[in-house]
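Worksheet: one structure, shown below.
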Amino acid sequence: MDQKVRQFEVCTQDGSVDRHGNPAIRANTGKWLTAILILVNQGLATLAFFGVGVNLVLFLTRVMGQDNAEAANNVSKWTGTVYIFSLLGAFLSDSYWGRYKTCAIFQASFVAGLMMLSLSTGALLLEPSGCGVEDSPCKPHSTFKTVLFYLSVYLIALGYGGYQPNIATFGADQFDAEDSVEGHSKIAFFSYFYLALNLGSLFSNTVLGYFEDQGEWPLGFWASAGSAFAGLVLFLIGTPKYRHFTPRESPWSRFCQVLVAATRKAKIDVHHEELNLYDSETQYTGDKKILHTKGFRFLDRAAIVTPDDEAEKYIKSEASFSESVTEEEEV
């Protein structure tokens, strides 16, 4: 009993774990030390992304030889692809990789795309030398050079899109919502996160945008690549200290399981005050536990433990006989 009390005091209470999968030690993991690394990472990544995106229409017209309508259309498609890849990143994070691994992999893709764009622009696309400004467009490019350019910018879209929906949540994971002090810090983190995002965007739209508008495309792109690389390095530096939540099965699968379980138990009265509701022990498993609420009471049927469930518990695994309160509240 004393050992459990000591573990309760030393470990986080929201179910977070360290990189080895053990309960996260409050004093040695997370909090502002890791959150600051994530904030700086976000600022640098935003600077890098908008360092490319803010003048991409100009690049397509002055360097790639496209007219304004075609360039604007291609940039719209590229921007839309970023948001599509955001769905991919969110799915992989929630179901398979977890937020840390997803952020690291997609940031590496982001850096690779920026370096490819910087190299191809300086070595292949700016022909003749000095072209790429308003009164000196570049000559037409071969199919190979055009394909290389689009491969690099869509690799950037993949990296930034897959990374972006996870980094804010991963930053919030560094604070234990069950602790009063860390709970307030968690709320403050999102304000600072928004500040970091806007500072990165401000710098890219002013300084980098100016250099690129003057025809210094390689300088602007290399600055973006360097910024993204520095952000990735800072992100990896915090690896030993991060708090994690283990990925779970597909949210669609959990959603359907709750509805099926609630339907199977449709005849049970959910307004009884002493319902035997099942909830898994998530405190030290890396899953977030959600408290039971009084809304949508008909879904409580999914978590009710019936005598048949109790009998089935000894035949199948514990998680198979009833959906948990946490899963019900997620729906």
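Just so it is clear, glycine is given a Cβ too, placed from its N, Cα and C backbone atoms.
Feature annotations, reproduced from TrEMBL:
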- 32-60: transmembrane segment (TRANSMEM)
- 80-97: transmembrane segment (TRANSMEM)
- 104-126: transmembrane segment (TRANSMEM)
- 146-163: transmembrane segment (TRANSMEM)
- 192-211: transmembrane segment (TRANSMEM)
- 217-238: transmembrane segment (TRANSMEM)
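Beyond the ends of the transmembrane segment (192-211), by six or more residues, the same chain brings 35, 38-40, 42-51, 54-55, 168, 171, 219-220, 223-224 to within a C-beta distance below 8 angstroms of the stretch. Sequence-distant contacts of the transmembrane segment (80-97) (same chain, six or more residues past either end, CB-CB distance under 8 Å): 105-106, 154, 157-158, 160-166, 247-251.
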